[in-house]
Amino acid sequence: MRINPTTSDPGVSILENKNLGRIAQIIGPVLDVAFPPGKMPNIYNALVVKGRDTLGQEINVTCEVQQLLGNNRVRAVAMSATEGLKRGMDVVDMGTPLSVPVGGATLGRIFNVLGEPVDNLGPVDTRTTSPIHKSAPAFIQLDTKLSIFETGIKVVDLLAPYRRGGKIGLFGGAGVGKTVLIMELINNIAKAHGGVSVFGGVGERTREGNDLYMEMKESGVINEQNLAESKVALVYGQMNEPPGARMRVGLTALTMAEYFRDVNEQDVLLFIDNIFRFVQAGSEVSALLGRMPSAVGYQPTLSTEMGSLQERITSTKKGSITSIQAVYVPADDLTDPAPATTFAHLDATTVLSRGLAAKGIYPAVDPLDSTSTMLQPRIVGEEHYETAQQVKQTLQRYKELQDIIAILGLDELSEEDRLTVARARKIERFLSQPFFVAEVFTGSPGKYVGLAETIRGFKLILSGELDSLPEQAFYLVGNIDEATAKATNL
């Protein structure tokens, strides 16, 4: 982190005494730049291409050095579109890595990968900036306290609870509800949490980014009248951006979150949607950088790139970063190298199932595939642990019996198995829940269910006290009292 002299614009910089090079080759988002002997930039240095295109419009493209090629050439990846660039254009070596604004000035604003505001609300105070490339905190700085982060979502809190200061992954294929779930978590946690949040939109739909911004303004998480009182900073590098921007926008968001943790000593929430696009952007430029592709065409540096990002997301003795990341699963294949590499870094995984989404059970969280390192009796307590295990056993038995039911029907099952199936179907429906952010689609008001209420509800179903109620009564309700009230109206 460094303190800069006041400027009115993050793009303003003194270009004297900088090394000057020229573009030698352009292949899509990748540029080769020739520098004079002895004036070579370092890896990760920012380069700025300045000039005019054929229409006389001003060009200002920032790139990041990735490779030193020999013959006084470097290979760099552009952070914005390279249309209008041509060979021979002047390139300025800024002498430092990309740096972005950090601190209270970022709250309530939307930034691009370079830390420039894109919300038409004027310039940002850039006196305090920080480079996007840093080392992870040292081992002795890490904090190892274990505590649960309550989300108000029944299936998550009961079966795969989140760790405060941990890393959580939401895994799912296309269209099963990752972004809706992340928006609900922002709604439930960011409001109740009271601290600051940073949202990194990595290679997702621009419309969803706009929806999220509007939602945050309506809910007061962003205070338009007094931006300093806002609780969130937004960093977007969406689908239409070049791969360089999508590859680095996650680091920009993380750098802003690290400042709140290390300097302001706060607990921070970091939302990333979608971490797969970070990997995808890396694979897009990897071949252009001359690297041999690895498994399924991914970059050979996949584990290194993921590790350098994920290891910085951690809790220190000063403050914590709790990170919730959506992970797109290509073709619903969890063994694909991108989701498989991400798994290794997470404390809890919430796996979304297309089968449950097809049944209309939302959130479509798979209760048997989702896991958490926090689900241990010494952390969550005996009652929570036992209830969660019984719920999983009941659902597992139901899954085993489904083939028999499909061939022979329910009547061929033993009395005990029929009871298990009936309770499992009630549990499956009770794991659904109306969301605040989906009210406009469903027409049902959203529900926040506390952990104690969640455990009480599932214990009642498992005990058999509610065996007489129809299973429809448990569908899309909050706590168990709502289910019993709904049953009287059916």
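In case you wondered, yes, glycine gets a Cβ from its N, Cα and C as well.
If you check Swiss-Prot, you get these features:
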type	residues	note
BINDING	G172, G173, A174, G175, V176, G177, K178, T179	ATP binding site
MOD_RES	T6	phosphothreonine
MOD_RES	S13	phosphoserine
As a test of the contact definition, list every same-chain residue at least 6 positions from G175 (ATP binding site) whose Cβ is closer than 8 Å to its Cβ.
A357
Give the number of CB atoms, excluding that of G172 (ATP binding site) itself, located within 10 Å of its CB.
29
Give the sequence-ordered set of same-chain residues, not counting G172, G173, A174, G175, V176, G177, K178, T179, with Cβ within 8 Å of the centre of the Cβ atoms defining the ATP site.
Y328, L352, A357
Which one is it: of the binding-site residues A174, V176, which Cβ has the fewest other Cβ atoms within 10 Å in this structure?
A174
Counting across all protein chains present, how many other Cβ atoms fall within 10 Å of the Cβ of G177 (ATP binding site)?
21
Cβ-Cβ distance under 8 Å to G173 (ATP binding site), same chain, at least six residues away:
Y328, V329, P330, A331, D332, L352, R354
Residue among binding-site residues K178, T179 with least C-beta crowding, 10 angstrom cut-off:
T179
With H, G and I counted as helix, E and B as strand and the rest as coil, say where DSSP puts G177 (ATP binding site).
coil
